[in-house]
Amino acid sequence: MFSKRPPPEEERRVRANDREYNERFQYASNCIVTSKYNVLTFLPVNLFEQFQEVANTYFLFLLILQLIPQISSLPWFTTIVPLALVLSITAVKDATDDYFRHKSDNQVNNRQSQVLIPGSLQNEKWMNVRVGDIIKLENNQFVAADLLLLSSSEPHGLCYIETAELDGETNMKVRQSVPVTSALGDSNNLATFDGEVVCEPPNNKLDRFSGTLYWRDCKCVLTNQNMLLRGCVLRNTEACYGLVIFAGPDTKLMQNSGRTKFKRTSIDCLMNTLVLWIFCFLVCMGVILAVGNAVWEKEVGSLFQSYLPWDPPVDNFMFSAFLSFWSYIIILNTVVPISLYVSVEVIRLGHSYFINWDRQMFCSQCLTAAEARTTTLNEELGQVEYIFSDKTGTLTQNIMSFNKCSINGQVYGEITDPLEPKPKVELPKFLLTTFNPLADPEFCFYDAGLLESVKVGEPRTHDFFRLLSLCHTVMSEEKSEGELLYKAQSPDEGALVTAARNFGFVFRSRTPGTITVSELGRPVTYSLLAILDFNNIRKRMSVIVRDPQGRIRLYCKGADTLLMERLHAGSQDLMNVTSDHLNEFAGDGLRTLALASRELTEEQWEDWAESHRAADTAADLREERLAAAYEQIEQHMTLLGATAIEDKLQEGVPETIAILSLANIKIWVLTGDKQETAVNIGYSCKMLTDDMGEVFIVNGHTVQSVRQELRSVYLTLYFIVHACLTLWITAVFALVISGHSLAHALEADMEAELLMTACACKAVICCRVTPMQKALVVELIKKHKKAVTLAIGDGANDVSMIKSAHIGVGISGQEGIQAVLASDYSFAQFRFLQRLLLVHGRWSYLRMCRFLCYFFYKNFAFTMVHFWFGFFCGFSAQTVYDQYFITLYNILYTSLPVLAMGIFDQDVPDRRSLEYPKLYEPGQLNLLFNKREFFICISQGIYTSLVLFFVPYAVLSHASQDTAEPLADYQTFAVTTATALVIVVSVQIALDTGYWTIINHVFVWGSLGLFFSIMLAMHSQTLFSSSPNQFHFVGSAQSTLLQPVVWLTIALATVICIVPVLAFRFLKLDLKPQLSDTVRYTQLVRQKKRKAVCFRARGGSRRSGYAFAHQEGFGELITSGKNMRLSSLALASFASRHSSSWIDTLRKKKHSHAPTPPGAASGDSNKWIKLLAFSPTQAVPQLHWPCAALPYLDLLENTTRVALYICPPSLVIVQVFAVRAALGTCQSLRRNCIFANYFVLQQFYRCVRISIKLWK
């Protein structure tokens, strides 16, 4: 492990069958080592890592101080026992993790492989394979290293691989050897092979490889299509041979398994700051007591020098104070929590298991459970403000179905009622006869006109489906005659090839140079001249083929925005019609592609092939030159049509987004789809609604146009929001921005304007964005907003976004597992996100905050007693407690109850957390644990220490035993104070625990019982007899606890400590209750009411349904965001008083600037005043309104008063009926606070519109 690492490579040279030559370069062996330790290095390396933690180093320093007799007044074990416990727990955890790494490494390294060692194949372990060796692979074997494919048992040097371990994709991919080596089919020929490969150095790019093979005066360009990467599995190929290029840690698989970016929660950062503050506070206390020691020794201690001299090293009061400072640092060290970090990790581990075990986040369709892939971010799940989501496969199912198409300006695809069953049987039943026996029976698209067009031989229709059957990278597997199985790299390609198959153009098979298609039952083989592959920049794919008649054609499919720019000028009319069709398809939420073709002459093909060959063999800038060559040939194409594929929403997506929006979480969708498709999906999943004030679209192509559009949107938002605030109306907005506009907006001089505009909107949709732009958008929010971000996606293009966000969530969908491997949490459906955040995230944040508050409280209550005692012991650094009590306080007496609270506690059940999303907001605002809460809990701890010291001191100093002997001795005082401390902190955690389990009861009361048992044992005669120097308090506990005055003192101290806490909490609950308090109270009242209903039902009495609804309505009050201490009547009257001022102002303006309303005499003012006093909450008094609707009813009430004022008396009845309709809607929907708010607001807007219309 300490060997010198070789210098970084600039290029790699590998010679086949020549180990001596290759060993000169010191290439890595094929042995994989992912473990960190071995038997010899575990102890020193692990201890070195642990002492890099500041807390552990601090306590090691204290231990060293305790070994100095002149400083320490505590034995060494009071520090070494807790420190050793913490180090041991961490070491055991690290050793267990490393054991499994060793086990995995051994399993992989000992796999067998056939290696060609001089002239013959021999079995070798993977760890013994070297760079330059030639390996034979057989079907279904794993690839041992990164190999250059030399030959294969398949024709043309082909082989098929599965790359599930690399990218999660289970479809087969094809690889091909270079022509000069494909003929070396057996080991005898390969034994004489001595070719040399010059290639790029090791890197982590899975989809790229660049190199050159030199052999027998031949120079062959090598690409990724010639490579078999470690981790792949050979499929459907009898055998193949490969040359090892990269081995062990240099393989691309291992290069991609490096450490991910370490993510730290905001609570972690705050804890580090607070521990630093506590340490500074400890130093201040040490300085105060040291100064006190100097003053005492100078003024008082000097009087006792004759019979109580200083210890030999001390010769003056200043040196005594110096030693006293370090002594008090040792005594008061417990104020810095040594076990805090270990306890936090244990709690987080428990929370992670709860996520893994949650049956409600288990997907029964794919048998996938939720998984917490990290244990460090659980409480961060309760503080998320921004969610960045992919669309395809995340919000949608990523199961594609061919829905519509446009061919030569004609739209095909029958419009059917979505509630009616689709004609799944009609198409296969017809096509499986003589027309197309190879049709897929599961295909459900049907259009009689399109089928007729195929049968009559329409040329454009045939070209359309011929393109779909040729322009792809799908692999075909024919299990039996006529039974085809397509394996596509994306669901889109599979759907398109299947559509061509069902309309008579059946893709049958392919070789590296040919594609075989069955066209209307006639087999046709095309020569494949070139594949211009798809990537995220080109966003299109092309193939160049030669048909049996010798004609050369280019077929291209891709994004319409890029394809339309490359069409022939004569296609303008067709392009306009097809563009309209594309917009219609996108408006229906369909995924669209444009299709085009071009006929090439032999001269054009030969010229382009030469330029393509030069770009392909270029030593530098190969990718850029290839892109330029592709751009050259993909011009002057003829438009054939367009396709539209449906990708349905996942189950529960609209409801999840609605609930998360109510939790004040902003959702941004970042997708590569068209703008129209993205907007339509936004409406489908309720991100965008018709009630939004405006949906702004930014679609500029230049820097100036994007800047102008952003400023225009922001100014519009500013004026609308201020106008709504004036009228007490709330309005929400959405922003849609395209990828080319986003590229300009993300520039440094414009990102502030983008941020202001986007953050003012409730929903943001970014369309046509690249994976890098997704990550940049997330980084923008992280950089400028103090908010927790979460990114969720399912594909490899989402990995950068997932890694950039505070929390990354991967969905195990149709696009492999790369997103899952890069994520912190994973599950199968987007709808599980609401439970992950609103239940597990909120609970984790709540538990961690309560744990930290109590942890700091109990440590300060314990430690500060020593500080007060210092003023009464001449600042001599003596301790109050027994040394064993000091050692066991944080290990046994108080550790388990706080762990139980941190793991199991909850304020409301999970169902209530989902019913009331507003409960999530305290985490976003960081209300439960912050610097203010920290100072409150340590203030309570200091207050408790004052009581625990001075109450026993005051009582025992004048108390006496039954025998008239005084109780004012040191040991009695120590036992009394320690007992009172344990009882007080136990009662306090009992008050702090909101959810009791059997484990909580065992830990809380068991710890209390354990304290008494250990204390009585420590003070027993047996232990004193065995070691009198260690157990000084013999008999103290027994004699002290038998005194009634001691128990009265303990009870008095407990009451004085606890009663103020209870009083404060009751007052807070009554005057300023939290949302969770109201939910718990509502739940309690509901339970009592149900019992009362059941009891009365037995007696035969009847209850009013409205009375029962009133109780339901009280439970929904919390979604209004109002102060929960106001009753509904008080709230209504408050709103009336508050609103009178602007109504009176409006009345005065009306009288002074406008004529009297028609039909109203001037003497009718009293009548109008009575009408203005109309209140909707009083109009139908027998109804019991859902309190969640009260704020909107107040708005409705005020608007009604104005409407009654500005309308003629003859039309007043219209307004009354409108109000009654609104109130009726509230009553009918009283059980659902979310929809009650929505419909009441709708009625409010309707009332406003009626008022304006009637006034006009």
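One-based numbering along the chain as shown.
The backbone N, Cα and C atoms fix where each Cβ goes, and this holds for glycine too.
What TrEMBL lists as active site, 4-aspartylphosphate intermediate is Asp390.
Of all Cβ atoms in the protein chains displayed, 31 besides its own lie within 10 Å of the Cβ of Asp798 (Mg(2+) binding site). Taken from TrEMBL, the feature Mg(2+) binding site covers Asp390, Thr392, Asp794, Asp798.
According to TrEMBL, the feature ATP binding site maps to Asp390, Lys391, Thr392, Glu493, Phe534, Lys557, Arg591, Thr671, Gly672, Asp673, Arg768, Lys774, Asn797, Asp798. Taking a C-beta cut-off of under 8 angstroms and a sequence separation of 6 or more, Arg768 (ATP binding site) has the following same-chain neighbours: Ala559, Thr561, Thr671, Gly672, Asp673, Lys674, Gln675, Ser738, Gly739, His740.
Averaged across the domain 'P-type ATPase N-terminal' (14-80), pLDDT for the predicted model comes to 82. For 14-80, the entry in TrEMBL reads domain 'P-type ATPase N-terminal'.
Per TrEMBL, domain 'P-type ATPase C-terminal' is recorded for 820-1073.
Per TrEMBL, transmembrane segment is recorded for 74-92 (among others).
Among residues of the same chain six or more beyond the transmembrane segment (269-296), those with a C-beta under 8 A of the stretch's C-beta atoms are 54-55, 58, 317-318, 320-322, 324-326, 328-329, 332-333, 335-337, 340, 344, 852, 856, 867, 870-871, 874-877, 929-931, 934. Annotation comment: TrEMBL describes 269-296 (among others) as transmembrane segment.
Taken from TrEMBL, the feature transmembrane segment applies to 316-342 (among others).
For 717-742 (among others), the entry in TrEMBL reads transmembrane segment.
The feature transmembrane segment is assigned by TrEMBL to 754-777 (among others).
What TrEMBL records for 851-872 (among others) is transmembrane segment. Beyond its flanks by at least six residues, the transmembrane segment (851-872) meets 267, 271, 274, 285, 289, 292, 328, 331-332, 334-335, 337, 340, 343-344, 347, 878-881, 889-890, 894, 898-899, 901-902, 929, 933-934, 936-938, 940-942, 944-946, 948-950, 953, 977, 981, 984-985, 988-989, 992 of its own chain at Cβ-Cβ distances under 8 Å.
Sequence annotations record features per position, and here TrEMBL assigns transmembrane segment to 884-904 (among others). Within the same chain, residues 74, 77-78, 81-82, 85, 334, 337-339, 343, 346-347, 350-351, 847-848, 850-851, 854-855, 858-859, 862, 978, 982, 985-986, 989, 992-993, 995, 997, 999-1000, 1003-1004, 1006-1007, 1010-1011, 1014-1015, 1018 sit at least 6 positions outside the transmembrane segment (884-904) and bring their C-beta atoms closer than 8 Å to a C-beta of that stretch.
The transmembrane segment annotation in TrEMBL covers 934-955 (among others). Only residues 6 or more beyond the boundaries of the transmembrane segment (934-955), in the same chain, are considered here, and those with a CB under 8 A from a CB of the stretch are 274, 852-854, 856-865, 867-869, 872, 880, 973, 976-977, 980-981, 984, 1045, 1048-1049, 1052-1053, 1056-1057, 1060-1061.
Positions annotated as transmembrane segment by TrEMBL: 970-991 (among others).
Feature annotation from TrEMBL assigns transmembrane segment to 1003-1024 (among others).
The annotation transmembrane segment is assigned in TrEMBL to 1044-1067 (among others).
Measuring Cα to Cα from Asp794 (Mg(2+) binding site), the recorded positions that fall within 10 Å are Asp390, out of Asp390, Phe534, Arg591. Annotation for the recorded positions Asp390, Thr392, Asn797: lowest Cβ count within 10 Å of the residue's own Cβ, Asn797.
Outside the transmembrane segment (970-991), and at least 6 residues removed from its termini, the chain residues within Cβ reach (under 8 Å) are 854, 857-858, 861-862, 865, 880-882, 885, 893-894, 897-898, 901, 944, 948-949, 951-953, 956, 1004-1005, 1007-1008, 1011, 1015, 1019, 1033, 1036-1037, 1039-1041, 1046, 1049-1050, 1053-1054, 1057-1058, 1061-1062, 1065.
Using CA atoms as reference points, the binding-site residues Phe534, Arg591, Asn797, Asp798 were checked against Asp390 (active site, 4-aspartylphosphate intermediate), and the closest is Asp798.
Here the transmembrane segment (1003-1024) has Cβ contacts under 8 Å with residues 882, 884-885, 888, 892-894, 896-897, 899-900, 975, 978-979, 982-983, 986, 989-990, 993, 1030-1031, 1033-1038 of the same chain, all six or more residues outside its ends. A Cβ distance under 8 Å defines the sequence-distant neighbours of the transmembrane segment (754-777), meaning residues of its chain 6+ beyond its ends; these are 388, 390, 536-537, 559, 561, 661, 666-675, 677-679, 682, 687-688, 692, 696, 710, 713-714, 717, 721, 732-740, 742-743, 745-746, 784-785, 791, 797-801, 803-804. Residues 53, 55, 58-59, 62, 65-66, 70-74, 79, 82-83, 85-86, 89-90, 271, 275, 278-279, 281-283, 285-287, 289-291, 293-294, 297-298, 301-302, 310, 855-856, 859-860, 862-864, 866-867, 870, 875-877, 879, 886, 889-891, 895 of the same chain lie 6+ residues outside the transmembrane segment (316-342) yet bring a C-beta within less than 8 angstroms of a C-beta in it. Distant neighbours of the transmembrane segment (1044-1067): 940, 943-944, 947-948, 951-952, 955-956, 959, 967, 972, 975-976, 979-980, 983-984, 987-988, 991; these residues of the same chain sit at least 6 beyond its ends, with a Cβ under 8 Å from one of its Cβ atoms. For Gly672 (ATP binding site), the count of additional Cβ atoms within 10 Å of its Cβ stands at 24 [all protein chains shown]. Cβ neighbours of Arg591 (ATP binding site) (same chain, under 8 Å, six or more residues apart in sequence): Thr392, Met400, Asp492, Ala644, Ile645, Glu646, Asp647, Asp673, Thr677.
Within the set Asp390, Lys391, Thr392, Glu493, Phe534, Lys557, Arg591, Thr671, Gly672, Asp673, Arg768, Lys774, Asn797, Asp798 that the record links to ATP, no two Cα atoms are more than 25 Å apart, and one pair reaches that distance. Sequence-distant neighbours of Phe534 (ATP binding site) (same chain, 6+ residues apart, CB-CB distance under 8 A): Arg540, Met541, Gly558.
Other C-beta atoms found within 10 angstroms of the C-beta of Asp794 (Mg(2+) binding site) number 33, with every protein chain shown included.
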